[in-house]
Amino acid sequence: MQYYNIKYITRTTKSSLICKALLKHGYSKFKLEILEYCDSSIVIEKEQYYIDLLKPDYNILKVAGSLFGYKHSPESLEKMKEIALNRSDETKAKLREAALGKTYNHTEETKIKIRDAILGKKHSEETKAKLSEIQSNRIKHPVPGFKIEVKDVETGQISHYDSIRDAGKGLNSNHASIRYNLDNGKLFRGRYIISKKK
């Protein structure tokens with residue numbers, strides 16, 4: 001736990017409320033308690049539950065697993081802006097590649113909280129113009145799909161599709177259901193085996 005490391009709390013006092021409080025009031029005014037043991041697959045859900053229940057003063061982020069609500073200092077924002085403007089093409093390519101296919105496993109409750117926090121946010125005309133310019137200058141790279149093979153176990157018929165989306169259309173479903181059955185190796189509708197075409 002980093003809060004017991006004096007070097008850590010003295011180094012991060014500019015941004016951390018709890019580090020400032022530990023230095024000001026001392027460790028004797030705080031206690032560290034394990035509220036519940038849980039499986040790592042539901043840790044975000046449990047964190048959100050306790051944020052909602054206890055409304056802790058030192059947890060400035062109100063949505064578990066999200067940085068929404070965090071405020072960077074003006075100095076940090078300026079440094080990040082400078083770094084972003086001076087990225088090499090190679091770095092930009094690596095960032096783009098790393099972001100492809102990135103998914104988040106938020107619970108429905110957390111998704112609703114994130115969505116509600118963003119709703120109603122208004123951009124200035126200047127910001128809208130900048131966003132529009134950035135969007136129009138983006139290089140749009142088509143993401144190639146992979147071929148899908150669908151076998152009907154009742155008839156033995158095999159169908160081929162150019163992408164998951166096409167397979168979804170062919171089976172009167174959506175791409176998310178096809179992806180789920182492909183990833184989990186389950187029979188789709190108890191009848192179709194979905195696999196990547198070799």
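The backbone N, Cα and C atoms fix where each Cβ goes, and this holds for glycine too.
Feature annotations, courtesy of TrEMBL:
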- 68-84: domain 'Nuclease associated modular' (DOMAIN)
- 87-99: domain 'Nuclease associated modular' (DOMAIN)
- 102-118: domain 'Nuclease associated modular' (DOMAIN)
- 119-135: domain 'Nuclease associated modular' (DOMAIN)
Residues of the parent chain within Cβ reach of the domain 'Nuclease associated modular' (119-135), under 8 Å, 6 or more residues beyond its termini: none
Per-state residue totals over the domain 'Nuclease associated modular' (68-84) - DSSP helix, strand, coil: 11 helix, 0 strand, 6 coil
Structural state census, the domain 'Nuclease associated modular' (119-135) (DSSP three-state): 11 helix, 0 strand, 6 coil
For the domain 'Nuclease associated modular' (102-118), residues assigned helix / strand / coil by DSSP: 11 helix, 0 strand, 6 coil
Secondary structure tally of the domain 'Nuclease associated modular' (87-99) (DSSP, helix then strand then coil): 11 helix, 0 strand, 2 coil
